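Here's what TrEMBL has on this protein:
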- 113: active site, charge relay system (ACT_SITE)
- 186: active site, charge relay system (ACT_SITE)
- 524: active site, charge relay system (ACT_SITE)
- 11-79: domain 'Inhibitor I9' (DOMAIN)
- 104-574: domain 'Peptidase S8/S53' (DOMAIN)
- 344-434: domain 'PA' (DOMAIN)
- 640-744: domain 'Subtilisin-like protease fibronectin type-III' (DOMAIN)
């Protein structure tokens, strides 16, 4: 038995007083003796219900005339303080983004996550006006959470666990709360990044000391808890989308994801279409599957997909070796350090001594022999168990410190952690250097290998920044190659934000330390930066659609770092590409006044699905509409969706010359009587023309079209291989610069 979601036609027969009666009658008709239990009913972003059915019952249900589709349950997982300042959002900034939107106080951001810890200072409601009159949400009470846990800041809180419990059985209420209260920390952290109030002083064990603030400090928050110990279940996620939209949120922030599947089987794609269709902006994390290609998730074109970059702050903790060499690392360890000036013996359990090689090298539970590690610093490889858990294993075995080394796949990307013992993280090359030194010293017999860790606190004004984080998921888009994903990147490495009381900063059960703020990394942290910025943009431009807000963020994004060079890729140290950062890194001030926007309606998305060869039934599942695909062919191809980036994939079936065209429409949101001229930076070996080369606008709100032709010649590729080149198309009126990346991919069929 597993939970499924069934999509029903919108038109309910009049004999049923409510949709719920109709759903129950559908279920009793497939199993007359023992009607399956309804988990959720959906009526806002989606029409249908979820229930736990056997395979036979699901197949029977599918044959009923009013059932459009039956979708299997899936489980998703979380994509786990200087960022407002690094983004240029300062409180004293009287003319910038925060000023113009009264900090977004009429807007509501719905965070679909692990719940919230409402007592945190980041969620105080001082100086906030009454709850916006349009708000229809509720503060649902439950374990350790009363209806008075909400205030004028946190104006709504709900929890959804029927899908989770249908799959896993009843939850263990000693380890998690049957309420909106957060027993993980992730949801509290992401909510405060999006809309946390100004809190001073804020730090984690003295690291990153300063003022903590979210992107939209006066926006209201609503927490929708869908993630539990075993993950986040689609039937619950869809119920949260349904509730959030009907409650009246303006923005939905979702730092959760899973495998990419076609949109008609993807609850996040379906729920977010229903939200966007009602004018709600949806931002979702790109995933932490980087640095490998095709790892990006949450790729539907109506969702704004956010990757992660670094900010200009880090937490250096260097390894000093017995031979005098220094290997740079990072850490947030906050306890007593190692004895100053003392060198400690260093060991690596992967060498086969003192443990079983492989699990010892990873410092897995029970893999280290105390006789081998006592009083020593232990080198552990990254992978399998969590980074902080490795430190606990070393500590239990009597080690005095840990060096955590990246594997080849992690490259040079470093994440700082609140370790339970003196510990630091080093890149793959640093790990190799330490192992090389250890084996040379061991051979010499006269001076056994030694090391120490030097903690250097917080360093700011780091160059280069931003850098694309190693873990940030990368394109190309596995479901719709014509749509470049991720869309943009935002700060996601070592981000300080609010944290619950009952959870230690390392996230391991034995860690009993208490902190008000924690520093975490992930595209999970990047996504709420964009959710908060979207709320500020919506406050300043209430008439903008979700697509207009995304367009403003994308066409004003930047791709150069604080040295003035193209952003680097943290995993390799080389230059990053559009497949890593999409349109670039968000630039909030410029997004306020983008000049032109690329707008998209729900009908345009339907044409896109038609041109992506989705069946009418598939399209109805996603959009709740009876689509007519005859007009879509006029739109040409899927790449003609009016997206702010342009992407084409050419299949080289022995053809020498290949060409395509894109049609785009821009809306003037800048000044009346403005003239935009185009600059083309074509991808390598590609000929690009734009007609007309000049767009003359007479008024604000006017729309004009242009045509982009792309021509290229075949390149030599092995069967199954592909090559990607990128360039850009830039419209400028002398005051605004509107940039669109253009990506050309050549594929050699197998």
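The backbone N, Cα and C atoms fix where each Cβ goes, and this holds for glycine too.
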Please report the Cα separation of residue 186 (active site, charge relay system) and residue 113 (active site, charge relay system) in Å, rounded to an integer. 7
Mean of pLDDT values spanning the domain 'PA' (344-434): 91
Among all the protein chains here, how many other CB atoms are within 10 A of the CB of residue 113 (active site, charge relay system)? 29
Within 10 A of the CB of residue 524 (active site, charge relay system), the number of other CB atoms across every chain shown is 29
DSSP puts the residues of the domain 'Inhibitor I9' (11-79) at 20 helix, 21 strand, 28 coil
State the Cα to Cα distance, in Å, between residue 113 (active site, charge relay system) and residue 524 (active site, charge relay system), rounded to an integer. 10
May I have the DSSP-based helix, strand and coil counts for the residues of the domain 'Subtilisin-like protease fibronectin type-III' (640-744)? 1 helix, 66 strand, 38 coil
Inside 10 Å of the Cβ of residue 186 (active site, charge relay system), count up the other Cβ atoms and send me the figure. 25
